[in-house]
Amino acid sequence: MKLGRKAFEYFYALLIIFLLWYMISQIVNINLIPSPLLVLENLSKTFKSKIMIHVEYSLFRILMGIALSLIVGVPTGIVMGYFRKVDKLLSPIVYLIYPIPKIALLPVVMLIFGLGEMSKIFMIAVIVVFQVIVSLRDAVKGIPENMYYSIYSLGGSLFQLLREVIIPASLINILTSIRVALGTAISVLFFTETFGTEYGIGYFIMDSWMRVNYLDMYSGIIVLSLMGIVLFSIIDFLEFIFYRW
C-alpha cells in the first residue's frame, strides 16, 4: 500500500509539472520552451541512439560513488557509534568537514585525480559518506545497551553482535542518509560532467544547450529527473523491505 501510494504521488507530481510546462510553452516562444509533447516525441526517437550511453555513464558514476561511500562510511559510523574513544577522536574531524559545501572541494579533487572518472566518482562519495557516517553513528549510539548484554551473555561474538543487532538496527538509517544526500549528489554529478568528458547526462544537456538544440536539452533534463525518481524509488523499495524485516 505504501509503495503504491508513493508511485501515485510521483505520477501526480509529474502530471502537474507537465501541465504547467505545456501552459508555459503556449505563452513563451516555442523555440525557447518547446511543448512537452514535442520533447517526449524527440526523446522517444533519440533515447537509444543518443541518450542511452550518457545515462549509462552517469548511473555508473552515481552507483560507484554510493558504493565507495558505503565501503568507507558504514564501518566508520559503526566504530564511532560503538567505541566512545574513537567517536571522541573522529567526531571533530567529521564535523569540521561535514558542513563544507562539497562542490568547493571540486578543484582540489580534480587536481588530485585529474579530469577522469575517478574525480567524478570521488565527488559523489564525498557527498554521501559524511551523511552515512553521522546517521549510522547516531543509530548505533541509540541502540539500548541491554541488547548488547543479551548477545554477550549468550557467548556471542562481535561478528554476531553486528549481524544480529547493529546492522539490522542501522539499515533504515543508512538508506535515509543516502536519500538525503542523493539529490545533492545528482546536482554535483551534473556539474562535474561538464568537465573533461564527452559522456554523461550532464554533458549531453550542456552540449545540446551550446548547439541550441533545445529539444535534446529538455529531453536530457527529463531523463535526469527520471534517473532521480528511479533511484529514490529503489531506496523507498529497499526501505520498505528492510523495515518489514
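Just so you know, glycine gets a Cβ as well, placed from its N, Cα and C.
Automatic prediction, not curation, is the source of TrEMBL annotations.
According to TrEMBL, the transmembrane segment annotation covers 12-39, 59-83, 95-115, 121-140, 161-182, 188-206, 218-243. Under the heading domain 'ABC transmembrane type-1', TrEMBL lists 55-239.
Most Cβ pairs under 8 Å to the transmembrane segment (218-243), among the stretches 12-39, 59-83, 161-182, 188-206, belong to 161-182. Using a cut-off of 8 Å between Cβ atoms, the transmembrane segment (161-182) and the transmembrane segment (12-39) share fewer than three residue pairs, counting only pairs 6 or more apart in sequence.
Within the same chain, residues 50-51, 53-55, 57-58, 61-62, 65, 102-103, 106, 110, 114-116, 119-120, 123-124, 127, 216-217, 220-221, 223-224, 227 sit at least 6 positions outside the transmembrane segment (188-206) and bring their C-beta atoms closer than 8 Å to a C-beta of that stretch.
Proximity of distant same-chain residues to the transmembrane segment (59-83), defined by a Cβ-Cβ separation under 8 Å and at least 6 residues beyond the stretch ends, is recorded for 90-91, 94, 117, 120-141, 162, 166, 170, 174, 178, 185-186, 189, 193, 200, 227, 231. For the transmembrane segment (12-39), the list of distant contacts is 214-215, 218-219, 222: same-chain residues at least six beyond its ends, Cβ to Cβ under 8 Å.
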